[in-house]
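Read the structure below first, then the notes.
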């Protein structure tokens with residue numbers, strides 16, 4: 001008999017340890033009571049059943065035999081829940097294996113709070129500890145929860161956890177038995193097939209649970225292992241035939257805690273004593289010892305999302321004077337402050353001015369919703385003033401979102417009283433964006449183009465601050481002030497704010513925020529109007545841009561209304577563009593292109609305009625530039641580009657950060673600008689989808705050999721082109737992994753003749769993917785073969801570039817996390833789904849818990865998993881067939 005066919009077991013009477021049971025998760029929905037029940041018992045409104053999030057349930061566990069309890073019940077520790085109930089906690093029962101009778105069963109009751117000092121059962125379930133053959137249960141079990149009753153420990157029980165009363169439960173029971181047989185070695189184990197099978201079983205179980213009217217509690221029983229061998233626990237009782245007396249049980253008395261959820265007076269007193277003014281002089285000269293210093297360094301290195309414990313907060317406060325020389329420690333110190341205590345807040349603000357100035361990138365954290373003190377926020381703005389315009393432009397999208405956390409009254413008070421004689425010069429520049437005249441005072445928005453005066457001022461990179469500026473500026477004043485000095489900043493600030501003003505969702509859901517953005521636009525318009533001649537030119541050019549975009553939107557609507565096929569729509573598009581009397585788009589006065597204001601355009605070339613083959617039919621347009629050249633763009637109407645705009649901004653930022661570390665990965669961060677929630681511009685890059693390359697040329701290497709041949713290069717390809725391809729593959733693999741970009745297929749991977757590979761279409765981010773079981777990164781067999789295969793030097797270089805890029809970006813993780821934290825309230829689809837988890841999703845991809853060496857090994861495993869992902873290859877073929885039949 002082989003080793004695998006042997007059955008290893010141990011008698012229950014010989015296992016002198018306590019029984020342990022793991023409480024996993026609770027699946028299913030709780031039904032709310034009827035209105036009649038609420039009227040009869042008003043306390044129901046204050047129960048966990050009516051909380052917006054998952055109520056704070058707890059589970060009690062007690063062992064019974066013959067209807068009598070064998071020990072006192074144990075319960076799970078307190079744990080708050082947000083979206084699902086998941087305790088994931090091992091309970092040590094006060095009974096040992098030798099003390100268990102053959103008919104022992106465990107009763108599990110789920111409880112919810114019901115007013116002060118009261119609890120009601122959510123449901124109960126009971127399961128025997130030994131199976132029908134006397135084997136102690138092992139592994140995970142899904143137990144049916146009987147609603148609104150306590151678990152019944154009698155025999156037979158009224159709350160059985162293992163039943164097969166329905167067809168779906170028969171299916172779950174059958175799969176559980178098969179899983180058990182596999183675990184016990186009764187089936188042949190095939191690793192790759194087992195992984196797919198267990199995932200499918202898990203999906204079936206989840207589906208059956210959702211379709212059921214019951215809730216299910218997942219529990220896990222301990223497995224016994226010795227020398228890597230799994231042992232079954234068989235019931236056996238020495239001298240079992242001899243009779244023995246049974247102890248009588250007493251009624252258990254539950255003692256409610258009246259102080260639960262109330263203020264802990266001891267902790268409050270300790271907090272006030274630790275932060276009192278008397279401790280200030282003594283704390284001033286405190287120096288930590290080596291152990292405490294290491295602990296402080298660990299706290300300072302925490303990511304922005306890390307919540308400090310009370311002990312850590314007290315430690316940071318105690319050594320606050322020592323930490324004033326560490327700029328990275330400031331945000332951690334401010335998290336320790338209780339701003340509701342005036343004396344403590346006063347101490348913190350006094351120390352803020354003495355702290356070593358923090359980096360500009362770190363100051364973004366102080367503009368998030370977690371920091372509401374106006375002095376702290378203005379300190380962050382003061383640090384932002386040290387950033388040059390180029391850096392400020394990289395954060396501008398997030399800074400516009402950070403206005404949501406400013407004091408709205410301060411923004412409104414910054415408006416100047418309007419004069420009647422200025423009303424004649426205003427226009428309805430926002431009318432096409434969906435903002436009605438009732439919402440906007442027409443004298444306070446961007447005006448019609450003024451007579452041309454002089455060219456706008458060039459972009460400035462100066463860090464100096466003029467003497468006339470107020471050092472106590474709020475964020476709104478700061479952004480407007482800087483925008484008035486830089487035409488590029490003014491351009492993007494205008495369009496970012498316009499989109500927020502036009503957002504109908506914000507207008508309906510949060511009218512105060514909508515009104516705030518309108519006030520920002522009014523203040524911006526006033527500031528431009530008050531400026532000198534060059535600043536007023538900026539204002540007129542912005543109005544001209546708005547007029548140009550309005551006409552373009554009107555044109556696209558007319559084309560979409562045109563009946564017929566794409567050819568007829570193309571003809572209609574070109575005809576309308578050529579009609580200067582109706583549209584006036586082909587020949588306009590020189591204006592900056594909203595997408596890239598450094599490019600000055602004179603109009604659109606009608607004969608080159610065309611529509612793409614897609615549902616929304618975006619238009620490819622060629623703009624005539626100031627120097628007589630062409631600038632190709634894609635104008636999309638009917639699509640919200642804000643998500644693409646965010647991802648391309650982050651990719652552009654990452655490219656800049658990597659270049660700062662002397663790592664050029666040949667990325668292609670093309671420009672995207674949403675001019676509304678329904679339309680916007682995208683830069684057009686001449687390229688070919690990888691799917692088309694494979695169809696026409698057979699392989700990526702054939703494509704390169706066709707356009708960049710070389711007798712001396714690798715595989716007959718120019719060495720420069722191959723190097724560009726390898727680096728761009730590495731860059732986008734790492735970046736799309738960090739951002740959780742989904743729906744990756746060969747049609748949204750594009751390739752240029754110079755070897756640059758880049759991604760488009762970012763409709764799924766932060767881990768969302770319409771395809772099942774997606775690989776961690778898009779790296780398929782065809783892409784690897786384009787490098788020469790897994791044994792080639794180019795592939796090894798690709799892996800090295802991935803490791804290097806990942807390590808560099810990890811060092812800038814705080815900046816990236818701060819930028820995402822400012823976007824949590826933006827109406828971006830994949831962020832709006834779970835805004836509270838957005839930053840955590842990105843942080844998890846960085847694996848900040850690993851050392852650099854461990855991070856390299858982790859990236860190695862991700863690459864290997866992606867290259868050998870079998871299911872992803874199957875999905876790619878399905879997508880290919882779908883595209884074929886669509887055509």
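Backbone N, Cα and C define each Cβ position, glycine as well.
Residues annotated as domain 'C2 PI3K-type' in Swiss-Prot: 35-184.
Per Swiss-Prot, phosphothreonine is recorded for 163, and the stated evidence type is similarity to another entry.
The phosphoserine annotation in Swiss-Prot covers 165 (among others).
Summarising the annotation, Swiss-Prot assigns phosphoserine to 244 (among others).
Sequence-distant contacts of residue 261 (phosphoserine), defined as residues of its own chain at least six apart whose C-beta falls under 8 angstroms from its C-beta, are absent. Positions annotated as phosphoserine by Swiss-Prot, on the basis of similarity to another entry: 261 (among others).
Marked as phosphoserine by Swiss-Prot on the basis of similarity to another entry: 282 (among others).
Residues or ranges marked as domain 'PIK helical' by Swiss-Prot: 283-520.
Taken from Swiss-Prot, the feature compositional bias 'Low complexity' applies to 423-444.
The average pLDDT computed for the domain 'PI3K/PI4K catalytic' (605-871) is 93. Summarising the annotation, Swiss-Prot assigns domain 'PI3K/PI4K catalytic' to 605-871 and lists sequence analysis as the type of evidence.
Taking H, G and I as helix, E and B as strand and the rest as coil, DSSP gives the region 'G-loop' (611-617) the counts 0 helix, 1 strand, 6 coil. The region 'G-loop' annotation in Swiss-Prot covers 611-617, and the record cites sequence analysis as its basis.
Outside the region 'Catalytic loop' (740-748), and at least 6 residues removed from its termini, the chain residues within Cβ reach (under 8 Å) are 647, 689-691, 694, 759-771, 774, 778, 780, 782, 841-842, 845, 876, 879-880, 883. Taken from Swiss-Prot, the feature region 'Catalytic loop' covers 740-748, and the record attributes it to sequence analysis.
Sequence annotations record features per position, and here Swiss-Prot assigns region 'Activation loop' to 759-780. Through the fold, the region 'Activation loop' (759-780) approaches residues 199, 643-644, 647-648, 729, 732-734, 736-737, 739-744, 746, 748-750, 829-831, 833, 838, 841-842, 862-863, 865-867, 869, 871-873, 875-876 of its own chain, all at least 6 residues removed from its boundaries and within a Cβ separation under 8 Å.
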Intrachain residues whose Cβ lies under 8 Å of the region 'G-loop' (611-617), provided they are six or more past its termini: 559-560, 566, 569-570, 573, 634, 636-639
Number of helical, extended and coil residues in the region 'Activation loop' (759-780), per DSSP: 0 helix, 1 strand, 21 coil
